[in-house]
Amino acid sequence: MAALPLATAEVCDANPHLIMNGELRALQPIFQIYGRRQVFAGPIVTLKVYEDNVLIREFLEEKGQGRVLVVDGGGSMRCAILGGNPVQQAQNNGWAGIVVNGCIRDVDEINGCDIGVRALNSHPMKANKKGMGEKHVPVTIAGTRICDGEWLYADTDGILVSRTELTV
């Protein structure tokens with residue numbers, strides 16, 4: 001199910017009609033790039049949490065099948081909701097990438113993993129473990145509404161979300 005990574009600039013240039021009708025959206029450029037895989041793509045799984053990482057860990061324990069986990073962490077800069085161990089598990093379970101609207105920690109460990117990770121920043125404090133959050137719900141991150149089952153394309157130029165799988 002893993003998508004072939006596409007250059008985001010080429011995708012935008014080749015699909016102005018999809019941009020105009022809203023089927024192809026670019027996230028605002030607010031994310032830092034982590035992980036060894038700078039270019040990644042795949043079908044999206046959404047999760048909404050706030051300063052809690054239990055549901056993130058549960059998702060990443062599943063087989064990823066080339067999917068991308070998009071986590072709306074509410075933009076919190078008070079703690080990290082993703083660390084090195086779950087990222088390593090995600091890499092081993094075949095996830096293509098993780099996009100976090102929040103902070104991560106264990107940056108050196110994450111940068112050693114063959115997976116794409118985008119996050120707002122890093123923070124040394126760990127998250128709560130209450131298991132609160134919502135799975136498979138629409139989230140709004142970086143000015144863009146993102147739904148479960150849409151497709152994400154990320155590279156060093158930015159992040160695109162499409163209603164359908166794209167080819168160039």
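For all residues, glycine too, the Cβ spot is worked out from N, Cα and C.
The feature substrate binding site is assigned by TrEMBL to G83, G84, N85, P86, R105. Sequence annotations record features per position, and here TrEMBL assigns Mg(2+) binding site to D106.
Taking the mean position of the Cβ atoms of G83, G84, N85, P86, R105 as the substrate site, the remaining same-chain residues with a Cβ inside 8 Å of that point are A80, L82, V87, Q88, I104, D106, E109, I110. By neighbour count, meaning other C-beta atoms within 10 Å, the densest spot among the binding-site residues G83, G84, N85, P86, D106 is P86. Sequence-distant neighbours of R105 (substrate binding site) (same chain, six or more apart, CB under 8 Å from its CB) are A80, L82, G83, G84, S122, H123, P124, M125, K126, listed in sequence order. The separation of P86 (substrate binding site) from D106 (Mg(2+) binding site), Cα to Cα, is 11 Å.
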